[in-house]
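**Student:** The structure follows.
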Amino acid sequence: MRALLLLSLSALLCWVSADIRCHSCYKLPVLGCVDRKSCRLEPGQQCLTTHAYIGKMWVFSRLDCGTPGEPCKPAVNQTNQKGGLTYNTTCCSQDNCNSPAPRPTPALTLVFLTSLAGLGLWLLH
C-alpha cells in the first residue's frame, strides 16, 4: 500500500513539473521584450535570465528555457573578454518565474524611433 502511494505521488509530481513554462525573448532598452514567446521546460532544466552590461550600463537581457545542450548556470559578473560585456545569469524553476517587464507604451516607442530617425537625418546632413 505504501509503495502504491509513493508511486502515485511520484507520478503526480512528474505530471505537475512537466508543464512549467518560461518566458523567452530578448529584452532591449526602450523596446522591451522582442520576439516574445513561451517555452516549456524539459525535465531537470530551469528558466534562465541573463542581463548584459557595459560597465554599469544595462545593454540587453535574454530570457529563455534552459536545455540539456545549454543548461542554466547561475553567474555573477562573468566578463566576456572579446566584447567587454559583463553577464549576470539567474535560474529559477517555477512557472513563468523569469517574467519580463511589461511591454513599453506605444508613446515611448514612438519617441525612441523619432529620436533615432532624427539622429539618422542629422548624420546624413
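Keep in mind that glycine also has a Cβ here, set from the backbone N, Cα and C atoms.
The signal peptide annotation in Swiss-Prot covers 1-18. Swiss-Prot lists 20-111 with the feature domain 'UPAR/Ly6'. Per Swiss-Prot, the feature disulfide bond maps to Cys22-Cys47, Cys25-Cys33, Cys39-Cys65, Cys92-Cys97. Summarising the annotation, Swiss-Prot assigns N-linked glycosylation site to Asn88 and lists sequence analysis as the type of evidence. Swiss-Prot lists Ser99 with the feature GPI-anchor amidated serine.
What's the neighbourhood like for each of these?
**Tutor:** According to DSSP, Cys47 (disulfide bond) sits within a strand segment.
Secondary structure at Cys33 (disulfide bond), as computed by DSSP, is strand. A 10 Å cutoff on Cβ-Cβ distances gives Cys33 (disulfide bond) a total of 19 other Cβ atoms nearby, all chains included.
Within 10 Å of the C-beta atom of Cys39 (disulfide bond) sit 17 other C-beta atoms, taking all shown protein chains into account.
Contacts of Asn88 (N-linked glycosylation site) defined by a Cβ separation under 8 A and a same-chain sequence distance of 6+ are given as Thr50, His51, Tyr53, Ala75, Val76, Asn77, Gln78, in order along the sequence.
Note: Cys97 (disulfide bond) has non-local neighbours Cys22, Cys47, i.e. same-chain residues 6+ apart with C-beta under 8 A of its own C-beta.
Around Ser99 (GPI-anchor amidated serine), the same-chain residues six or more apart in sequence whose CB sits under 8 Å from its CB are His23, listed in sequence order.
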**Student:** Which of these disulfide-bonded residues is closest to Cys92 (disulfide bond) if you go by CA atoms: Cys25, Cys33, Cys39, Cys65?
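**Tutor:** Minimum Cα distance from Cys92 (disulfide bond) across Cys25, Cys33, Cys39, Cys65 lands on Cys65.
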**Student:** May I have the DSSP-based helix, strand and coil counts for the residues of the domain 'UPAR/Ly6' (20-111)?
**Tutor:** 6 helix, 46 strand, 40 coil
**Student:** Relative to the Cβ of Cys25 (disulfide bond), which residues of the same chain, six or more apart in sequence, are found under 8 Å away?
**Tutor:** Cys33, Val34, Asp35, Arg36, Lys37, Arg62, Leu63, Pro100
**Student:** Could you list the residues of the same chain, at least six apart in sequence, whose Cβ is under 8 A from the Cβ of Cys65 (disulfide bond)?
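**Tutor:** Sequence-distant Cβ neighbours: Cys22, Ser24, Cys39, Arg40, Leu41, Glu42, Gln45, Cys47, Leu48.
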